[in-house]
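In what follows, a structure is listed as structure tokens, so that the remarks can point back to it.
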Amino acid sequence: MTSYKELGLVNTVELFKKAVSGGYAIPAYNFNNMEQLQAIIQACVETKSPVILQVSSGARKYANQTLLRHMARGAVEYAHELGYDIPIVLHLDHGDSFELCKDCIESGFSSVMIDGSHLPYDENVALTKKVCEFAHSRKDYVSVEGELGVLAGVEDDVSAEHSHYTQPEEVEDFVRKTGVDSLAISIGTSHGRTKFKPEQCTRDANGILIPPPLRFDILEEIEKRIPGFPIVLHGSSSVPIEYVKLIEKYGGSMKDSVGIPEEQLRRAAKSAVCKINIDSDGRLAMTAMIRKVFAEKPDEFDPRKYLGPARDELKKLYMHKNINVLGSAGKA
Ligand code: G3H
Ligand code: 13P
Ligand code: ZN
């Protein structure tokens, strides 16, 4: 058994307190491999931002849980070596069972999400409470994120046919009964690069899809009911059109891509939203660069020559997010 403190990691409690009162959000970036982790740490050290490293159960299967944990420990030392110690959280993204959360907690995660959002309300409460009781009774307190309301699309191993917004009248009861440290809500975001159907959007003069706005009215209603309580937004990639175009230019197919506009995320970050989850934008950035190298240098076969540019683009993207979207730059 390993405690996250031995790995040099922190939980989310203090970070969220500061983020809510400071009007910014902590970036939660998913990682599955070394290049993604390097980009995240380089970007967050250079912008002096705290960071949440997110591991999905898909990532655990892909990369191996032991390797990922040791990579997170390495990230702490890597940040130090780069010249600035930033707070680093190792977080399970979309945990779907008590056993998975327990396993992560016992192996050094400092934070877990238990996603019971697809369950009937009472079952979600019971499962989330069970995880909280376990996580909070550890010698080193592990923070827990719960979810109310269902996001459209695929959430790792959890897939939702129909989304529904968080019902503000449930949040107070859920938070009180479960003891969660933060709450993920559904106000119109969803996972992946096609966050809305084209028929839900309008188009600008160039035919680019303009999504419907997030339901800030629901967010405000939730904030009224649980003032200052840390809120999490999943599915918060903006799906930059530049990357979509680059991927298509170099042979990819990215039909109907549409994300959450950055101004709306900036607005959310100024509220009680203190954790913003971003994965798809990183995937787009890497894919765009790899396709570009493959198209421009067909004889290249050294992985460093295409993964390197992908990593550099990813770092640029994350620096931009921290500085211009989440406002987490300078907060470490
Ligand atoms: O919420 C989903 C995240 O983007 C993780 O995706 O399950 O494919 O690793 P993944
Ligand atoms: P995106 O697919 O919008 O990047 O969302 C990622 C996420 O919510 C991970 O939990
Ligand atoms: Zn998510």
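Just so you know, glycine gets a Cβ as well, placed from its N, Cα and C.
Automated prediction, rather than curation, is the source of TrEMBL annotations.
According to TrEMBL, the features are:
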type	residues	note
ACT_SITE	D93	active site, proton donor
BINDING	H94, H191, H234	Zn(2+) 1 binding site
BINDING	D115, E147	Zn(2+) 2 binding site
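The structure, with features from TrEMBL marked on it.
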| residue | record | DSSP (3 states) |
| --- | --- | --- |
| D93 | active site, proton donor | strand |
| D115 | Zn(2+) 2 binding site | coil |
| E147 | Zn(2+) 2 binding site | strand |
| H191 | Zn(2+) 1 binding site | coil |
| H234 | Zn(2+) 1 binding site | coil |
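For ligand 2, the nearby recorded positions are D93, H191, H234; that is, of D93, D115, E147, H191, H234, these have a C-beta under 6 Å from one of its atoms. The separation of H234 (Zn(2+) 1 binding site) from D115 (Zn(2+) 2 binding site), Cα to Cα, is 12 Å.
Less than 6 Å separates the Cβ from ligand 3 in the case of H234, drawn from the binding-site residues D115, E147, H234 in sequence order. Within 10 Å of E147 (Zn(2+) 2 binding site), as judged by C-alpha distances, the recorded positions found are H94; the full candidate list was D93, H94, H191.
Between the alpha carbons (Cα) of H191 (Zn(2+) 1 binding site) and D93 (active site, proton donor) lies a span of roughly 12 Å. Rounded to the nearest whole angstrom, the C-alpha distance between D93 (active site, proton donor) and H234 (Zn(2+) 1 binding site) is 10. Of all the Cβ atoms in the protein chains shown, 26 others lie within 10 Å of the Cβ of H94 (Zn(2+) 1 binding site). Packing around D93 (active site, proton donor) is summarised by its Cβ count: 25 other Cβ atoms lie within 10 angstroms of its Cβ, all protein chains included. A sphere of 10 angstroms centred on the C-beta of H191 (Zn(2+) 1 binding site) encloses 23 other C-beta atoms. Within the set of binding-site residues D115, E147, H191, H191 have a CB atom less than 6 Å from some atom of ligand 1.
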